[in-house]
Amino acid sequence: MLSRLRVVSTTCTLACRHLHIKEKGKPLMLNPRTNKGMAFTLQERQMLGLQGLLPPKIETQDIQALRFHRNLKKMTSPLEKYIYIMGIQERNEKLFYRILQDDIESLMPIVYTPTVGLACSQYGHIFRRPKGLFISISDRGHVRSIVDNWPENHVKAVVVTDGERILGLGDLGVYGMGIPVGKLCLYTACAGIRPDRCLPVCIDVGTDNIALLKDPFYMGLYQKRDRTQQYDDLIDEFMKAITDRYGRNTLIQFEDFGNHNAFRFLRKYREKYCTFNDDIQGTAAVALAGLLAAQKVISKPISEHKILFLGAGEAALGIANLIVMSMVENGLSEQEAQKKIWMFDKYGLLVKGRKAKIDSYQEPFTHSAPESIPDTFEDAVNILKPSTIIGVAGAGRLFTPDVIRAMASINERPVIFALSNPTAQAECTAEEAYTLTEGRCLFASGSPFGPVKLTDGRVFTPGQGNNVYIFPGVALAVILCNTRHISDSVFLEAAKALTSQLTDEELAQGRLYPPLANIQEVSINIAIKVTEYLYANKMAFRYPEPEDKAKYVKERTWRSEYDSLLPDVYEWPESASSPPVITE
């Protein structure tokens with residue numbers, strides 16, 4: 001781990017910005033925003049009332065990071081690691097983001113998917129300290145006063161969930177708060193968005209999870225989920241309260257709402273507020289980026305693909321709609337593009353006239369039934385003969401060996417995306433995909449899988465189609481540009497910006513996404529491209545327009561190095577403060 005540490009350390013008072021504070025003594029150590037642990041300098045200890053409250057040694061952030069990594073190595077349980085890492089955030093915010101940024105590839109699966117799903121399911125059992133804002137259905141009429149209780153005055157990014165569809169785990173109620181918290185950690189770690197500008201929110205309207213309603217450690221309302229007009233009124237009141245306090249251009253990201261509400265709220269609020277839904281639009285952008293990367297490998301334009309989805313919920317529909325936009329950009333009409341996309345859900349293939357209900361959002365991808373109607377997903381593959389299958393059902397190993405072999409027999413280079421989270425819900429493993437297609441497939445997954453070595457010695461590095469490639473960079477650009485509304489074209493631009501960062505060498509390794517180790521650079525580059533797009537298309541409202549967009553973005557990213565807490569000390573000219581000599 002020493003190789004990951006920043007070997008050049010400079011005295012904090014010289015290298016760091018000065019942070020003006022009013023607190024002194026113990027409160028500085030109890031506030032994670034100002035606490036440095038053993039890294040307070042001697043001058044800070046003496047002038048800020050800390051001398052004697054800490055052991056005499058003065059540490060660098062490097063040593064603190066090294067201590068963290070050595071302690072982490074002693075732990076074996078992912079949940080134990082999660083509790084330890086998030087405990088660092090509660091005590092020392094700068095150190096938390098320093099260690100996360102230094103080893104993002106290894107630590108992201110702990111602070112976010114897949115471990116965050118386990119942490120959410122155990123939220124009441126591992127609870128240490130509340131994070132974020134909790135608003136319940138019982139608070140109707142008083143939401144603004146609750147928002148006013150949040151101590152930060154300059155929030156620019158809100159991630160909100162109602163806990164109904166947490167990853168592939170279903171309705172977790174307020175236990176879902178771990179998702180907004182984890183998401184905003186990645187806003188900061190990947191894109192440098194200031195943590196004090198971020199607000200995680202959980203809307204509690206009850207839960208239909210019977211196990212939680214019987215759990216003595218559950219922390220939400222002990223009632224069935226409210227699905228009446230009162231629920232809609234609460235969301236309306238929340239949106240108004242946030243923007244009344246923090247401004248109309250405050251970014252509000254909807255996260256893990258149920259399918260019906262996710263689409264409904266996106267359509268309802270997108271022209272009124274600065275909002276997006278990561279499950280719909282973020283997932284769509286990262287999936288499209290993977291397809292655009294596959295296009296580079298097989299030299300087959302996206303407009304010539306036939307795509308079959310396993311799942312027809314918000315993720316599938318979001319991906320499908322963005323693929324349609326890309327196909328239209330490549331010369332097809334909207335109707336021609338929609339006809340190239342099929343969906344298979346738990347009731348079977350989406351076809352006209354089927355008994356199972358079809359949502360209005362699914363209608364563009366509901367086609368006339370083929371001559372032989374498939375009973376299983378494998379049948380659908382053999383009948384429709386798709387070039388690409390995309391799994392977003394969250395139902396486990398439904399890309400069976402027979403499905404994968406069928407794709408390999410139909411296509412020279414089959415595209416197989418198993419995007420469901422967490423790992424246990426993935427449609428197949430990377431090893432299954434590469435082995436059963438003899439290394440010919442182009443594979444991406446929603447959860448991390450390690451490199452796969454085939455019997456002939458070839459090694460493939462599967463790409464992880466994680467939304468983290470998209471949402472931090474998009475959020476940074478939107479915030480810096482004072483954007484008022486976020487169109488789907490922004491996510492199309494982000495997908496293209498992501499694909500453009502892949503090297504030929506990485507494509508040859510089987511990667512459809514850049515290495516996660518490069519996520520900070522990737523996110524900043526996406527933010528730059530999206531910023532350029534927003535200004536070029538009159539969607540940016542921060543003036544004057546910066547001439548150098550790259551410089552503008554890079555100069556406004558938050559850093560994890562410690563700030564100096566000392567007041568500015570400087571000299572005045574002696575003559576300016578000396579009284580004149582009075583002569584009689």
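Each Cβ is built from the backbone N, Cα and C atoms, and glycine gets one as well.
The structure displayed is predicted, hence computed values, not measured ones.
Taken from Swiss-Prot, the feature active site, proton donor applies to Tyr112. Sequence-distant neighbours of Tyr112 (active site, proton donor) (same chain, 6+ residues apart, CB-CB distance under 8 A): Gly182, Lys183, Cys185, Leu186, Val468. In the three-state DSSP classification, Tyr112 (active site, proton donor) falls within coil.
A helical conformation is recorded for Lys183 (active site, proton acceptor) in the three-state DSSP classification. All protein chains shown were included, and the count of other CB atoms within 10 Å of the CB of Lys183 (active site, proton acceptor) stands at 26. As annotated by Swiss-Prot, active site, proton acceptor applies to Lys183.
The fumarate binding site feature in Swiss-Prot is assigned to Arg67, Arg91. Around Arg91 (fumarate binding site), taking its Cβ as the centre, 15 other Cβ atoms fall within 10 Å, counting all chains. According to its DSSP assignment, Arg91 (fumarate binding site) is helical.
If you look up Swiss-Prot, you'll see Arg165, Asn259, Ala312, Glu314, Ala315 marked as NAD(+) binding site. Listed in sequence order, Met343, Phe344, Asp345, Leu350, Gln362, Phe365 are the same-chain residues six or more apart from Ala312 (NAD(+) binding site) with CB atoms under 8 A from its CB.
In the three-state DSSP scheme, Asn421 ((S)-malate binding site) falls into the coil class. The number of other CB atoms found within 10 A of the CB of Asn421 ((S)-malate binding site), across every protein chain shown, is 23. The annotation (S)-malate binding site is assigned in Swiss-Prot to Arg165, Asn421, Asn466.
Long-range neighbours of Asp279 (divalent metal cation binding site) (same chain, six or more residues apart, CB within less than 8 Å of its CB): Arg165, Phe254, Glu255, Asp256, Phe257, Ala262, Glu314, Ala315, Gly318. What Swiss-Prot lists as divalent metal cation binding site is Glu255, Asp256, Asp279, and the listing cites experimental evidence.
Sequence-distant contacts of Lys156 (N6-acetyllysine), defined as residues of its own chain at least six apart whose C-beta falls under 8 angstroms from its C-beta, comprise Ile193, Arg194, Arg197, Cys198, Tyr246, Thr250, Leu251, Ile479. According to Swiss-Prot, the feature N6-acetyllysine maps to Lys156 (among others), an assignment based on a large-scale study or a structure entry.
In the three-state DSSP assignment, the secondary structure recorded for Lys224 (N6-acetyllysine) is coil. Swiss-Prot lists Lys224 (among others) with the feature N6-acetyllysine, giving a large-scale study or a structure entry as the kind of evidence.
For Lys240 (among others), the entry in Swiss-Prot reads N6-acetyllysine. All protein chains shown were included, and the count of other CB atoms within 10 Å of the CB of Lys240 (N6-acetyllysine) stands at 15. Following the DSSP three-state reduction, the secondary structure of Lys240 (N6-acetyllysine) is helix.
What Swiss-Prot lists as N6-acetyllysine is Lys272 (among others), and the listing cites a large-scale study or a structure entry. In this view, Lys272 (N6-acetyllysine) is surrounded by 13 other Cβ atoms within 10 Å of its Cβ, with every protein chain counted.
According to DSSP, Lys346 (N6-acetyllysine) sits in a coil region rather than a helix or strand. Listed in sequence order, Ala393, Ala395 are the same-chain residues at least 6 apart in sequence whose CB falls under 8 Å from the CB of Lys346 (N6-acetyllysine). The N6-acetyllysine annotation in Swiss-Prot covers Lys346 (among others) and is backed by a large-scale study or a structure entry.
Taken from Swiss-Prot, the feature transit peptide applies to 1-18.
Non-local neighbourhood of Asn466 ((S)-malate binding site): Thr113, Val286, Gly446, Tyr513, Leu516, each in the same chain, at least six residues away, with C-beta under 8 Å from its C-beta. When the recorded positions Lys224, Lys240, Asn259, Lys272, Asn421 are ranked by how far their Cα is from the Cα of Arg91 (fumarate binding site), Asn421 comes first.
Closest to Arg67 (fumarate binding site) by Cα-Cα distance, out of the recorded positions Lys224, Lys240, Asn421, is Asn421. Each residue contributes its Cα atom, and for Lys272 (N6-acetyllysine) and Lys240 (N6-acetyllysine) these two points are 10 Å apart. For the pair Asn421 ((S)-malate binding site) and Lys240 (N6-acetyllysine), the C-alpha distance works out to 32 angstrom.
Less than 8 angstroms from the CB of Lys224 (N6-acetyllysine) sit Gly206, Thr207, Asp208, Leu213, each of them six or more residues away in the same chain.
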